[in-house]
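One structure is given here, and the rest of the page talks about it.
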Amino acid sequence: MVCFRLFPVPGSGLVLVCLVLGAVRSYALELNLTDSENATCLYAKWQMNFTVRYETTNKTYKTVTISDHGTVTYNGSICGDDQNGPKIAVQFGPGFSWIANFTKAASTYSIDSVSFSYNTGDNTTFPDAEDKGILTVDELLAIRIPLNDLFRCNSLSTLEKNDVVQHYWDVLVQAFVQNGTVSTNEFLCDKDKTSTVAPTIHTTVPSPTTTPTPKEKPEAGTYSVNNGNDTCLLATMGLQLNITQDKVASVININPNTTHSTGSCRSHTALLRLNSSTIKYLDFVFAVKNENRFYLKEVNISMYLVNGSVFSIANNNLSYWDAPLGSSYMCNKEQTVSVSGAFQINTFDLRVQPFNVTQGKYSTAQDCSADDDNFLVPIAVGAALAGVLILVLLAYFIGLKHHHAGYEQF
């Protein structure tokens, strides 16, 4: 748990409670902005993270997820007046900031726009960046909410522009708060109004050493990502999640019928994002290496468990599903992607092509059995050579024995 304490701005008060940061790089924020009379004028509670793609000095591309940058400040956050609407402004490191602007109409108020600024000159976050400086991405939202209603959106919302993907979830916000009291009337976003069936989850009973109870093979689903009118990423797979939290092991089969896919495709990276009523996001990030092969580089997950807690893990240093560009990777047998000690993904009937998809169809597949063959060939050759060596030695000793026997007879 990392706590940030904010101090009052002249003319307003601001309280930011502790940030609880899971293994995934995200910010959980709760904000209470007060006016000069110490009455609440704006309330917000939300989670967000940012994924940024940038070019390196060797002309390759990297993808990073923005993480904690130290002490958070709030310069520029205001309740609003007759000339300016309310604004939430958060700074979390030199050159890193996020702003949300609100406007008001006769009977509604709007989350008008958000902007995110990041500093590629920060060598810790953006190692080997080719271009250094502060870049800003602006997004117009115009989300209209009835006055004196609290806006809620637990579902994942994704904003993608240029090389930045912004993720928001568990959002609660009310601007133009009346009489200093946050409303109990909630206005839901469209995604929260649509109920979906949750995937089946099995959790074992806690014990000193718990292991997941074996489950049936998960159903394979087909997922795709489009770039305009063209399909740029294809994936077919059955997914089984193995999660360990607080010595409790869970096995979760992903139901493809209630799982939605989104993502993005770029020249050197591709993202497949899955979400459902319990999975905020399950990201598979692919990358190009040596300009002629692709592989699974990163997996990020954040999801609700049956006990109501949120499980979040990220690993951007993986190396799975390696295949030549222009082909697909296929593995019908069960495989395990080990994301961390607490999280593994079992895949079944896997086929994936994150780059160079043509006419919405898979290209020729490289089968995972080829990897096994590559491993077995040197073993087989070594065994054969060992066998030949043994035969030569046996022949030598037999010949030597007969030679000595001839001398004894003479």
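Cβ from N, Cα, C; glycine included.
Record features (Swiss-Prot):
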TOPO_DOM  29-375  topological domain 'Lumenal'
DISULFID  Cys41-Cys79  disulfide bond
CARBOHYD  Asn49  N-linked glycosylation site
DISULFID  Cys153-Cys189  disulfide bond
CARBOHYD  Ser195  O-linked glycosylation site
REGION    199-221  region 'Disordered'
CARBOHYD  Thr204  O-linked glycosylation site
CARBOHYD  Thr209  O-linked glycosylation site
CARBOHYD  Thr210  O-linked glycosylation site
CARBOHYD  Thr211  O-linked glycosylation site
DISULFID  Cys232-Cys265  disulfide bond
CARBOHYD  Asn242  N-linked glycosylation site
CARBOHYD  Asn257  N-linked glycosylation site
CARBOHYD  Asn275  N-linked glycosylation site
CARBOHYD  Asn300  N-linked glycosylation site
CARBOHYD  Asn307  N-linked glycosylation site
DISULFID  Cys331-Cys368  disulfide bond
CARBOHYD  Asn356  N-linked glycosylation site
TRANSMEM  376-399  transmembrane segment
**OP:** Across all the protein chains here, work out how many other Cβ atoms are within 10 Å of the Cβ of Asn307 (N-linked glycosylation site).
**Re:** 11
Subject >> Densest Cβ neighbourhood among Asn242, Asn257, Asn300 (glycosylation sites), 10 Å radius >> reply: Asn300
Original post:
Along the topological domain 'Lumenal' (29-375), what average pLDDT does this model show?
Top reply: 87
**OP:** Out of the recorded positions Cys41, Cys232, Asn257, Cys368, give me the one sitting nearest to Cys153 (disulfide bond) by CA distance.
**Re:** Cys41
**OP:** Mind checking which of Cys41, Cys79, Cys189, Cys331, Cys368 has the fewest other CB atoms within 10 A of its CB? They're the disulfide-bonded residues.
**Re:** Cys189
Original post:
Using Cα-Cα distances with a 10 Å cut-off, which of the recorded positions Cys41, Cys79, Cys189, Asn242, Cys331 are near Asn307 (N-linked glycosylation site)?
Top reply: none
Original post:
What is the separation, in Å, between the Cα atoms of Asn242 (N-linked glycosylation site) and Asn300 (N-linked glycosylation site)?
Top reply: 14
**OP:** Identify, in sequence order, the residues in the chain of Asn356 (N-linked glycosylation site) that are 6 or more apart from it along the sequence and have a CB within less than 8 Å of its CB; answer 'none' if there are none.
**Re:** Leu325, Gly326, Ser363
Original post:
Going by C-alpha positions, which of the recorded positions (Cys41, Cys79, Cys232, Asn275, Asn300) is nearest Asn257 (N-linked glycosylation site)?
Top reply: Asn275
**OP:** Between Cys79 (disulfide bond) and Cys265 (disulfide bond), find the distance joining the two CA atoms and give it rounded to the nearest Å.
**Re:** 39
Original post:
How many other Cβ atoms sit within 10 Å of the Cβ of Cys232 (disulfide bond)?
Top reply: 20
Subject >> Inter-residue C-alpha distance, Asn275 (N-linked glycosylation site) and Asn300 (N-linked glycosylation site) (nearest angstrom) >> reply: 12
Subject >> All-chain count of other Cβ atoms within 10 Å of Asn49 (N-linked glycosylation site) >> reply: 21
Subject >> Top Cα neighbour of Asn49 (N-linked glycosylation site) in the set of disulfide-bonded residues Cys41, Cys189, Cys232, Cys368 >> reply: Cys189
